[in-house]
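Positions annotated as [4Fe-4S] cluster binding site by Swiss-Prot, on the basis of sequence analysis: C566, C575. Here Swiss-Prot flags H661 as chlorophyll a B1 binding site, drawing on sequence analysis. Marked as chlorophyll a B3 binding site by Swiss-Prot on the basis of sequence analysis: M669, Y677. What Swiss-Prot lists as phylloquinone binding site is W678, and the listing cites sequence analysis. Here Swiss-Prot flags 46-69, 135-158, 175-199, 273-291, 334-357, 373-399, 421-443, 524-542, 582-603, 650-672, 714-734 as transmembrane segment, drawing on sequence analysis.
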Amino acid sequence: MATKFPKFSQDLAQDPTTRRIWYAMAMGNDFESHDGMTEENLYQKIFATHFGHLAIIFLWASSLLFHVAWQGNFEQWIKDPLHVRPIAHAIWDPHFGKPAIEAFTQAGANGPVNIAYSGVYHWWYTIGMRTNTELYTGSVFLLLFASLFLFAGWLHLQPKFRPSLAWFKSAESRLNHHLAGLFGVSSLAWAGHLIHVAIPESRGQHVGWDNFLTTAPHPAGLQPFFTGNWGVYAQNPDTAGHIFSTSQGSGTAILTFLGGFHPQTESLWLTDIAHHHLAIAVLFIVAGHMYRTNFGIGHSIKEMMNAKTFFGKPVEGPFNMPHQGIYDTYNNSLHFQLGWHLACLGVVTSWVAQHMYSLPSYAFIAKDYTTQAALYTHHQYIAIFLMVGAFAHGAIFLVRDYDPEQNKGNVLERVLQHKEAIISHLSWVSLFLGFHTLGLYVHNDVVVAFGTPEKQILIEPVFAQFIQAAHGKVLYGLDTLLSNPDSVAYTAYPNYANVWLPGWLDAINSGTNSLFLTIGPGDFLVHHAIALGLHTTTLILVKGALDARGSKLMPDKKDFGYAFPCDGPGRGGTCDISAWDSFYLSLFWALNTVGWVTFYWHWKHLGIWQGNVAQFNENSTYLMGWFRDYLWANSAQLINGYNPYGVNNLSVWAWMFLFGHLVWATGFMFLISWRGYWQELIETLVWAHERTPIANLIRWKDKPVALSIVQARVVGLAHFTVGYVLTYAAFLIASTAGKFG
């Protein structure tokens, strides 16, 4: 007899109901719970999946290069990047009639195509790509790389090539390898590519596989490097009149510290970027030699964590906080590690979103407004999922892996002991932010509706304006630090009366970029609305994690695992309080918050791009302004994507907008009606099926049963999330592309 799905759990495989399928899907990635799983096998499986993950990433990148080279217009786009729309790929659809074919034949193509809003054209152009042949070459190289990684994944599952558990637990070796090998050497390699290929190409000098070994990136060669005269590499930078990809106005410098933007491309100077990556490489290669491995030299992380002295002075531990036992706790819990990694990656992803538009590093991307909007929104959405995931795995760690004995008296136990104070402070700040921010918005709404807008309560963000002024923004007249030519920040060593980054002050005071945008009362209000969302999301997640092991209401909570619906009907108050429930609830708040973040960013930028900042400034101070002048006004083109007169090139976004709403609304069916309703419905359908001629010839092996409450919630949450993302993505791209192409 064939073994039934799932193979990883005999208990589930023998379940006579449809639970077998749903629980198997839920537990598929929970390797720890699989039959016969050992700790060593767990690490080996996860290690092998990393290779598969990398293979998928390389395959994806390869497919982008391949489709653009095959069906795109890269070579045409290069000639006029400000006006030619980049093509992602062709579309073939048997449903297209003549009007649709005409609508989607755009950007100089011969047939229907999709426009690229990912920024890959700008990226490839900046790093030195110039021809379709180069794109094809890159595509084939990445395809081979992906194959290599797939093979490596398979190889590391073979008995002879499976690393031992001790190898996985060697934290210092892994840290050295990741710091020096991955971060350090890859940054050095990237600096090398920029210096040897990208910078010469930006100056009109071709560097390819045919001549890269014979073309020196700097006229002085390596002599300044070996003689310690490194300043030579910064002399003679590109001039303000440099035309990108030509020799006109170009210099010879390869490592500079100019600051600001290239006047024509409005992106960071390539020579500054190369300098940055070289510095990162040096730092990380040094950092990758700091930890003690086989040679008995360097730091032992365990000793540092357990230390009670700091340069001879007695302390509680690192940062004068007791970290005893943390090393083993961290090193023996994959969930603890994953929680940290997701938290760090989440912060970095949000940080990337903020920097991609304010300090654009790719040529001309600052003027591709739809791409800017898409990239910002994409990275902020990714960030919230990573952050919520961090708390989820932190809670799983506390339920499954936390050992109270091992962590006696250290910072982990200290946080758990102070959980009431932490949770109540988060609650207080959420209530304060919520009532005050909503109160201000509603007050302003009412007075505007009554025809007395001058009675609005408008608060200038003076502290934020002060910070901007300190960085050199002179508009506010606050005369402090870099905005005051007589201050020590302005006149400081090494170059008196000449700011360290000559291009910085020009950039921060230019009205045409997104660096340190001018802010006022509308920004003050939406900032606090976003702060409310962030603090409430954090409250739900922190409470869920800190109460995951037990609460006053349910002291034995940890015995029920990470996700459970209730402890039976006889124990009141135990429903909806598992750590999983806090993850589930927090995601609604996280989505809510990222909505406000992206609404704010998009509306503010639409005004800047259209040269009409007054609309945001005047109408963002009351709720109706947001509803009417941002959401309603910008959905007009979207709703008109197709109408009785035919279709236009926004119609695909109009359909996606509708479809997104449909998916989103479907979520509520699972979120509002729970198990009893569905069980009755299923029983009725089964009864009808069994009594219907012909239909009753078909039977099923599994008895149909309704989803559990937790499963229904996850299905509802998935629909809510996917619908939310699709709806806003369509709105964002159509409303921006409809205005700017």
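In case you wondered, yes, glycine gets a Cβ from its N, Cα and C as well.
Since we're looking at a predicted model, the values are computed, not measured.
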Spatial separation of H661 (chlorophyll a B1 binding site) from Y677 (chlorophyll a B3 binding site) - C-alpha basis, Å: 24
Other C-beta atoms that fall within 10 angstroms of the C-beta of C566 ([4Fe-4S] cluster binding site): 16
Cβ neighbours within the same chain of W678 (phylloquinone binding site) - under 8 Å, at least six residues apart: A706, L707, A712
Structural state of C566 ([4Fe-4S] cluster binding site), classified by DSSP into three states: coil
Closest of C566, C575, H661 to M669 (chlorophyll a B3 binding site), Cα positions, binding-site residues only: H661
Coarse DSSP state, helix versus strand versus coil, of Y677 (chlorophyll a B3 binding site): helix
Alpha-carbon spacing, C566 ([4Fe-4S] cluster binding site) to H661 (chlorophyll a B1 binding site), which is rounded to whole Å: 32
Residues from the same chain, set at least six apart from the ends of the transmembrane segment (582-603), whose C-beta lies under 8 A from its own: 357, 373, 376-377, 380-381, 383-385, 387-388, 391-392, 395, 523, 526, 529-530, 533-534, 536-537, 540-541, 543-545, 547, 616, 620, 626, 629-631, 713-714, 717, 720-721, 724, 728, 732, 735-736
Nonlocal neighbours by CB distance (under 8 Å) for C575 ([4Fe-4S] cluster binding site), same chain, sequence gap 6 or more: P565, C566
Mapped DSSP class for the residue listed as 'chlorophyll a B1 binding site', helix or strand or coil: helix
Which same-chain residues, if any, lie at least 6 apart from the residue listed as 'chlorophyll a B1 binding site' yet have Cβ under 8 Å of it: G723, T727
Long-range neighbours of the transmembrane segment (524-542), counting only residues six or more past its ends (CB under 8 A): 384, 388, 391, 422-423, 426-427, 429-430, 433-434, 436-437, 440-441, 459-461, 464, 582-583, 585-586, 589-590, 592-593, 596-597, 600, 620-621
Interface-richest range of 46-69, 175-199, 334-357, 650-672 toward the transmembrane segment (273-291), CB pairs under 8 Å: 175-199
Neighbouring C-beta atoms (10 Å sphere around the C-beta of M669 (chlorophyll a B3 binding site)): 14
Among 135-158, 175-199, 373-399, 421-443, stretch most in contact with the transmembrane segment (714-734) (C-beta, under 8 angstroms): 373-399
Long-range environment of the transmembrane segment (373-399) - Cβ separation under 8 angstroms, sequence gap at least 6: 117-119, 333, 335-336, 338-343, 345-347, 349-350, 352-353, 356-357, 537, 541-542, 544-546, 548-549, 558, 561-562, 579-580, 582-583, 586-587, 590-591, 593-594, 597-598, 601-602, 605, 725, 728-729, 732-733, 736
Cβ contacts under 8 Å made by the transmembrane segment (421-443) with residues that lie 6+ beyond its boundaries: 415, 456-457, 459, 525, 528-529, 531-532, 535-536, 538-539, 542-543, 546, 621-623
